[in-house]
């Protein structure tokens, strides 16, 4: 039985994670790390005083001492993550991190600590296996079908365009295909922005409409053919298998894994 | 039997039109109007001297005198169209025009002449019934689902973006829905152009990839739902039914029709 | 202000309807008709004893006397609907019915009563404006592009295949296009069922997968082109505009309307 | 410079292959193997008597003696392939085979001969890199998203359903996922065939419409998400890169490769 402590347990991602772990037979949530509510309990997403549900700690060392978790699953904001992860490693707890907010330097620091202490860790900016497969396949396919456009589509309450996943996809493709101009060399854009955002020749288009949830398609064109890789995310439940895959994998590791795609 | 003269018979559109008319049982091509090759013949897309195939004229009045066409189908460049159409009307020939290149003033002039002479005519910027239905439906649906984005996708030899059909679609929708900002009011475009071209709040995205032919989708979003209207044009043969519909319709008319959608 | 009584208020559809009406400025929910809980109140989807929220009645005549509704919105099971509607009409209340479960005979009976009493009513098997537009457009387009296949896609907890909407779409298309064999006349199905269900030549394909919600596409093919009409239903909120459109329309009616498409 | 002989040069696939090889800078067509026209020449897809274009042979041994090809590209019907390939191997010529018509026993025989003679060969049922990637990705993804449905769409002149590519895709997926019932266990098909053809629980749906070319999508569903892999084949030119990849690869081989996916 893998014992898991969760940082960020009260958030939407944390709620999903608790559900995923509780539905698994080989793992259990033993504690929650929080910046407040020390000594209280999280029971069915509510903070209570009675000793029922998941005990809350504000100190990871005290949590470790009393609950002995194998894994710290951190789904908090980027601010707290870096400290949490370092502390976990020093306490011999395997960190599983679910944000894309860590800087390159922070990731390097963590990697150094992991290698020194031989306590494996995993950082996954995206826990959706379907989304990760789409990105991985896009990268593989771009070696052969090198002209690529990305269309990402989200609800109209989203603030930023393009989406993080679209940018990540383009970054992954950049690693395998040489930068080149796509489209007709003398192409004329009669209305500004029609041809989308440019990333080394690749185009990204961001659609925002009420009704939409979170969708992305990667179009790869070759002479006479088109390959389309599409992912639709309808519900946060889609993160569950990825979360469990990460938790089960990390307890046997002594190195740092960046990206769920490394496990696929 | 409807007798048709064709201007632009040697072009790709003309070749398709000749085929469409020859496959129909109620129409026939009686002559070609051209700026050269007077007295020669067009036979299986080749210019020949023998009296075989379609006789070519450089003068419409001489063509009318000798071949007495009911209809002049004009699929030439915009330059020649306006003169051809006026001359046809004066000769009592119904013009069917297949370009979008006429100016508003020219269309008004033609309309005046049509009404004066009671010789009906038809101007159809797009002969594809599927494309025309897509535009018409988009306009109807936008009354109820007012947030609209258009994604048009073409081969990468296309020079202009967005496509004429995409702009026409947006224009048709503008007539029925009030202009408004779409997306989050505080939306931020981290990469220029990601959110596409803007037409009164509507967004147009132009995809260009090798392999693609001519495709367009109109996405209309409402709370909790999405309606997508998509047209794929795989072959110029798709223009045939529209060309025949126009020819059959125009011979019974005394007014001017603009747009094939009026006949649907 | 339009006063609305709701039958089926405790169900999922009823909850959505209450929310839609409460968000509108020109309508309000005045009472709930139920087969139990007489005298109690429905408050935030919970049954309570205190006089707070929506009063519940088991008798429509008593409800009418005390609350004087203009409209009875019935989103119950098919069993109760027929009696509810007849009683409403006799009490001068406009019925709006949201099920497809009424038989043809029952609909005729209701129509007779509506015409006799001059109290207008509306029966809408589907309140999603997007879905209704898709069906209406499919019917219109099938006049020109007569070869049609329907792909409907739902979550894998759905019991029946094909979906009611797919069958309704095929029925609507049947009215405008002559029955004919689609595909190659000598077509061979090497695996049973590959070519889908047949409705007068049209094919229906039912996809069931975890993750999916409720989606349908209608594909209409012509020489060299394809028109695709697709509707994605992501959330029951998509019914709200249709419900309000029906309620606002019915109060000014003296006839019976069948299908929301009549109002579009 | 790789010297290539082609069997099946007069067919549509052969014509495409000749074009692909002639556009490449590192390969050339040195001869055509045919069952007739010995001593004549193939020049721009026409059989001529003058010594111009590609010389035609009816005997592979004579062809080998006079033209010394490195590769025999065989795009003939399945009947002739087996003999051609064996003869090529004995002559030290690398065979590249583009049909799916060889039996398992024949493939094993060829493999035996390849290993004995150390003359590498390649059998590729599909030369489209995009289609091969789609199948390969579908197989990889099915390990994680095990509920799969395939929708293949072709023009309505196609005789057989489902398509060979759809069956091949299902076969590849079968190798990695356990057979299981998809959909609701008590699912009811109210119209025969609605749920498609069944391959160990996977469903295959075949759409046939005028206008369509050759398209396939593989839908993989998981809790809360959907991954769609789609390939559109618009033109036989899409086979060119795969043909050249095979020719370049096989000259350095001493083993037998089955499937272009092995090279990707």
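Using the three backbone atoms N, Cα and C, a Cβ is placed for every residue, glycine included.
Whatever TrEMBL says is automated annotation, not expert-curated.
According to TrEMBL, the protein has these features:
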DOMAIN    C:2-127  domain 'Dihydrodipicolinate reductase N-terminal'
BINDING   C:8, C:9, C:10, C:11, C:12, C:13, C:98, C:99, C:100, C:124, C:125, C:126, C:127  NAD(+) binding site
DOMAIN    C:130-264  domain 'Dihydrodipicolinate reductase C-terminal'
BINDING   C:155, C:164, C:165  (S)-2,3,4,5-tetrahydrodipicolinate binding site
ACT_SITE  C:158  active site, proton donor
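Annotated features taken from TrEMBL, shown on the structure.
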residue : record                                          : Cβ neighbours (10 Å)
C:8     : NAD(+) binding site                             : 23
C:10    : NAD(+) binding site                             : 18
C:12    : NAD(+) binding site                             : 11
C:98    : NAD(+) binding site                             : 25
C:100   : NAD(+) binding site                             : 14
C:125   : NAD(+) binding site                             : 18
C:127   : NAD(+) binding site                             : 25
C:155   : (S)-2,3,4,5-tetrahydrodipicolinate binding site : 17
C:158   : active site, proton donor                       : 17
C:165   : (S)-2,3,4,5-tetrahydrodipicolinate binding site : 23
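Following the DSSP three-state reduction, the secondary structure of residue C:164 ((S)-2,3,4,5-tetrahydrodipicolinate binding site) is helix. Between the CA atoms of residue C:8 (NAD(+) binding site) and residue C:165 ((S)-2,3,4,5-tetrahydrodipicolinate binding site) there is a gap of 22 Å, rounded to the nearest whole number. Model confidence over the domain 'Dihydrodipicolinate reductase N-terminal' (C:2-127) stands at 94, taken as the mean pLDDT rounded to a whole number.
Residues in the domain 'Dihydrodipicolinate reductase C-terminal' (C:130-264) partition by DSSP class (helix H, G, I; strand E, B; coil) as 43 helix, 43 strand, 49 coil.
In space, C:12 is the closest of the binding-site residues C:12, C:98, C:125, C:127 to residue C:155 ((S)-2,3,4,5-tetrahydrodipicolinate binding site), judged by Cα positions.
Using DSSP to sort the residues of the domain 'Dihydrodipicolinate reductase N-terminal' (C:2-127) gives these counts of helix, strand and coil: 47 helix, 34 strand, 45 coil.
Distance from the CA of residue C:164 ((S)-2,3,4,5-tetrahydrodipicolinate binding site) to the CA of residue C:100 (NAD(+) binding site) is 9 Å. A distance below 8 A between C-beta atoms marks C:158 as the recorded positions from C:8, C:100, C:158, C:164 lying next to chain D. Listed in sequence order, the residues of the same chain lying 6 or more apart from residue C:164 ((S)-2,3,4,5-tetrahydrodipicolinate binding site) and placing their CB within less than 8 Å of its CB are C:100, C:125. Each residue in C:152, C:154, C:158, C:163, C:166, C:214, C:216 lies on the same chain as C:155, C:164, C:165 and has a C-beta within 8 Å of the C-beta centroid of that (S)-2,3,4,5-tetrahydrodipicolinate site, without being one of the site residues. You'll find the Cα of residue C:10 (NAD(+) binding site) roughly 24 Å from the Cα of residue C:165 ((S)-2,3,4,5-tetrahydrodipicolinate binding site). In this structure the C-alpha atoms belonging to residue C:127 (NAD(+) binding site) and the residue listed as 'active site, proton donor' are separated by 20 Å. Between the CA atoms of residue C:165 ((S)-2,3,4,5-tetrahydrodipicolinate binding site) and residue C:158 (active site, proton donor) there is a gap of 13 Å.
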